[in-house]
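Heads up, the thing below is written out as structure tokens.
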Amino acid sequence: MTLTERLREKISQAFYNHGLLCASYPIPIILFTGLCILACCYPLLKLPLPGTGPVEFSTPVKDYSPPPVDSDHKQGEPSEQPEWYVGAPVAYIQQIFVKSSVSPWHKNLLAVDVFRLPLSRAFQLVEEIRNHVLRDSSGTKSLEEVCLQVTDLLPGLRKLRNLLPEHGCLLLSPGNFWQNDWERFHADPDIIGTIHQHEPKTLQTSATLKDLLFGVPGKYSGVSLYTRKRTVSYTITLVFQRYHAKFLSSLRARLMLLHPSPNCSLRAENLVHVHFKEEIGIAELIPLVTTYIILFAYIYFSTRKIDMVKSKWGLALAAVVTVLSSLLMSVGLCTLFGLTPTLNGGEIFPYLVVVIGLENVLVLTKSVVSTPVDLEVKLRIAQGLSSESWSIMKNVATELGIILIGYFTLVPAIQEFCLFAVVGLVSDFFLQMFFFTTVLSIDIRRMELADLNKRLPPESCLPSAKPVGRPARYERQLAVRPAMPHTITLQPSSFRNLRLPKRLRVIYFLARTRLAQRLIMAGTVVWIGILVYTDPAGLRTYLAAQVTEQSPLGEGSLGPMPVPSGVLPASRPDPAFSIFPPDAPKLPENQTVPGELPEHAAPAEGVHDSRAPEVTWGPEDEELWRRLSFRHWPTLFNYYNITLAKRYISLLPVIPVTLRLNPQEALEGRQPQDGRSAWAPPESLPAGLWEAGPKGPGGTQAHGDITLYKVAALGLAAGIVLVLLLLCLYRVLCPRNYGQPGGGAGRRRRGELPCDDYGYAPPETEIVPLVLRGHLMDIECLASDGMLLVSCCLAGQVCVWDAQTGDCLTRIPRPGSRRDSCGGGAFETQENWERLSDGGKTSPEEPGESPPLRHRPRGPPQPALFGDQPDLTCLIDTNFSVQLPPEPTQPEPRHRAGCGRARDSGYDFSRLVQRVYQEEGLAAVRMPALRPPSPGSPLPQASQEDGAAPEKGSPPLAWAPSTAGSIWSLELQGNLIVVGRSSGRLEVWDAIEGVLCCSNDEVSSGITALVFLDRRIVAARLNGSLDFFSLETHTSLSPLQFRGTPGRGSSPSSSVYSSSNTVACHLTHTVPCAHQKPITALRAAAGRLVTGSQDHTLRVFRLEDSCCLFTLQGHSGAITTVYIDQTMVLASGGQDGAICLWDVLTGSRVSHTFAHRGDVTSLTCTTSCVISSGLDDLINIWDRSTGIKLYSIQQDLGCGASLGVISDNLLVTGGQGCVSFWDLNYGDLLQTVYLGKNSEAQPARQILVLDNAAIVCNFGSELSLVYVPSVLEKLD
């Protein structure tokens, strides 16, 4: 067993056990799932409800003044200002954005030195801001006069009293953690602990105290022991009550003068006004709510077609709850991890969750309802999950692989989308496995088996398409009707689509192909590829710079890499470069401080990194507040009992401050315990975690090497994952038996396929067929040309029927018996007995005359067989107590007297019958059929009207052994019947008159097969030879001649051995040794004749000149059946159970397939399928172009060869007293038609499809004429 098979088995077993668990304990699992949903949705309280997010409006800073309170616009005048933009805001927010770094980085610096010195400068900056005073002609303005004065905090915030300002200006900075006391900060040995002591015990959330004081999200601050960034970012937040433009301008100018930012190009042009809503905006909810309503309606109306579901609306509601809970859990978990769903991917994310969740619901529902309904509920759930386990895990693994690749693209938008997608997939998988599966088990448990049996026939566990309205007679017959005659073996679902209601076909198509998920995955891959190709992060440029700087020629041997000025402008660097660590070396164009270049070029002894981490500014720094939680400002003002509902605040342009700190200052500002505490890097960790990179030439650390190696490692990992993904897609799309015939699908009974595997039960009807009776023994040969039907039984009797009405037109008796029309039920050979009793008198008898010896008047009409016989009921002995002496007897013959074969010995009834004949006034009768004549005794001759002329060598009467031989083959065209006998005799009969037109008995070898095509007759013989005959006739072979009904008792006027004046048969060609053994199959089409023999070969002849074109070898057994059509497609089947397809034009074998366990008994083709049957009573349908088996139909015993093709997409098969119609394209059972009680015990041995959409079924000695139901004609 391979690794894949073992893994698949373990996954299947795990899902099976999980299904048992969910179905066994549904209530506890639903309660547990509900608690998990509530726990994961708890962080949603920190998010705005849909439609309640803040709304923004921007105005220029220049000439800004607060809008008036009564700002009424003229009626009809368009206004760009929103309605809420009236009056002064609650407050003006001014953020001083500080970026600081210690440079150059020394080798003996600790990790705590990254943020201790930058944070200590916050106290100095706060002091500078508080001491700033504006002096102008109007006087002086200080911060206390323009800032927002706050009072006490809310009573419930006692733990924050020493951290947030009270009774003064609302000014926030990281120094608030230490009450703005530098000494307290300097004495703190655990800065990280102090910052995080007020954080929640769970994962970091938005709008925490750290975010309020730092003014930036925690991951952007750089305050961490394990960060690779050496830049610390924070803001000093000032809240003003009134807008004073001069004070703000002077404050900005002073800070930028004291702490310049040369490479900063942040724009200070606009104020952003943010309005906070109070009520839910219904308009924003309409699209999403409409989507979920449509989802509910679609699932509900679709599940109405699934009868295996008890509560349709309950299942639809459970599906909607599953999808909605998955969405809420995803957003809640993202919020818990600090991800605020504000990007474009987050906006489209609810709709992606709907699509993916809908498909997973459909997959589980389809899998569970397709399990056998007679199993216990928990076993059905377990089997359903187990059957889809591998598919579910493959899809989840594929999606996670794509997400992993996307995360390593280093593009922020893709990374954030991938994080959302991971959380969404995990939450959706959890809910599908626990919540929806459990709800489905509860629903199916309600669908009790007793409730099903009320609507289902006993022989199948399928819901009836029309459960009501059955007549009482139909219900009674259900108890005695045999089981379903078919067992259908279906290939994997990729090869077929069942004919279902359109809703279910759409649902199961989505569930089977997972189209939406695959389209989403493909779209994600394309999106990631486009972003990587366009290189928004500048990765290729960065790598090129790294390769240039790492050249073995040294840094001085190569000049700076020429980059066009439009690519990396010095004044406004590309914002995408902000994703690189600040310590990564930049191109010379970005280094705008020329005074530092000589210092960097000559590294000093003991310096760890010669380059200072460049502090860069980008446009994203202008509105850093957007990365904060939307509750950031409402939370801050709520602490002081100030509400922002239905009000707005104004955010002033950010003031950038850059701090470049000396390493010596970092060493001087270090706390004494820092060297002995956990700040020092442990020896067990690699130096690369703390240091920038390995040492380069000259003792320096080449940090670029680590980055280059990291990118190479990520690229290698992404390549490996991509290869594995392609392999998985190949295994998913290409089955294991791709290109190989047949499949490994196990054969199952119909009871194991509830509702035909997809909730659809084919209808069952019962009709009274047109029964054609008249044969005494089993019918062996059938032939038809569309208008006439010819049948021959083992007794040698040939009957001609009208295929339209079912009337018997004439009978051709076995030689020696009198031919009669079809008014009676058997040959009237009794007249021969009467003539024998009259001493061999051969007087002619006119048609319609009664026998001359009939004297007794008859009572009620009796059957024609006993119409001229006395009443023998008095001879019946009902005294069964008397023991008669035993006499040697033999079994009674199955046929009536005079129908062909005489008995050698038996009981002599003449002693009993002779007395009755004498009483009736009839002469003594000899019983020649019961007393065989002695050899050499002369036999009385019948008249010429009896069909046998009194010539020498004429055949004996019916009770004597026939020298003409039995009929082995039969063909019909027009009004001519060609008969091939075992004696080698070829006969041509008139189908209407029953007259022998011509015959040929030159060869004594029996005729095993015949072809009658375009006035050419080809006879295949037992000795392997072929005879080609040409038929000449002066009359048309048009079927219009059949309209007249011949008169009864008409007989030929000439001898059976003489040729007719209108029809002549001439032997044109003979192939004496066409095969070495008897020919068993013969077909002709498109000017070609194909023969199959027991010598394992086929031969192709040209029909016009009997020239042998090809000898085809490919079977390992005798050929049993051959098919050829006008398109020159040749198929053959043999005793080896194989089917071969051949190219008639070249003689080459196209395909070879082992189809049956035994002989192939029948073979036919359509434009797209090859249909075969065998002695194993199995009907196989194969794809004609690929040779792959589509499905199999298991027939009843003895019905294996009973099949017929009505059209290219309609197949009819026979069973025990019924015929079934199948859709060849889809492989589903369309309808089963029962042929009444008389045929229930008889298997349909042979089916012949006529041109008028009628079907002739051979039930032994009777034929049933069935017309195709109208519903099938519509489908066709």
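Cβ atoms are placed via backbone N, Cα and C, with glycine included.
Swiss-Prot lists S821 (among others) with the feature phosphoserine.
Positions annotated as phosphoserine by Swiss-Prot, on the basis of similarity to another entry: S837 (among others).
Here Swiss-Prot flags S843 (among others) as phosphoserine.
Feature annotation from Swiss-Prot assigns phosphoserine to S850 (among others); the stated evidence is similarity to another entry.
Look at Swiss-Prot and you will find S905 (among others) tagged as phosphoserine, backed by similarity to another entry.
Annotation comment: Swiss-Prot describes S934 (among others) as phosphoserine, evidence class similarity to another entry.
Residues annotated as omega-N-methylarginine in Swiss-Prot: R1048.
The region 'Disordered' feature in Swiss-Prot is assigned to 60-81 (among others).
The region 'Interaction with SREBF2' feature in Swiss-Prot is assigned to 731-1276; the stated evidence is experimental evidence.
As annotated by Swiss-Prot, region 'Disordered' applies to 816-903 (among others).
Annotated region 'Disordered' per Swiss-Prot: 928-957 (among others), in sequence order.
The repeat 'WD 3' annotation in Swiss-Prot covers 1002-1039. The repeat 'WD 3' (1002-1039) scores a mean pLDDT of 83 in the predicted structure.
The DSSP breakdown of the repeat 'WD 5' (1114-1152) into helical (H, G, I), extended (E, B) and coil residues amounts to 0 helix, 23 strand, 16 coil. Among the features that Swiss-Prot reports, repeat 'WD 5' is placed at 1114-1152.
Remark: secondary structure over the repeat 'WD 7' (1194-1232) totals 0 helix, 22 strand, 17 coil, with classes taken from DSSP. Look at Swiss-Prot and you will find 1194-1232 tagged as repeat 'WD 7'.
Note: the topological domain 'Cytoplasmic' (1-18) comprises 16 helix, 0 strand, 2 coil (DSSP; helix = H, G, I, strand = E, B). Annotated topological domain 'Cytoplasmic' per Swiss-Prot: 1-18 (among others), in sequence order, evidence recorded as a curator's inference.
Per Swiss-Prot, the feature topological domain 'Lumenal' maps to 40-279 (among others); the stated evidence is a curator's inference.
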Could you give me three numbers for the repeat 'WD 3' (1002-1039), the DSSP helix, strand and coil residue counts?
1 helix, 21 strand, 16 coil
Which residue counts does DSSP yield for the topological domain 'Cytoplasmic' (366-401) in the helix, strand and coil classes, in that order?
29 helix, 0 strand, 7 coil
The topological domain 'Cytoplasmic' (1-18): which same-chain residues, six or more beyond its ends, come within Cβ distance under 8 Å?
382-383, 385-386, 388-390, 392-393, 433, 437
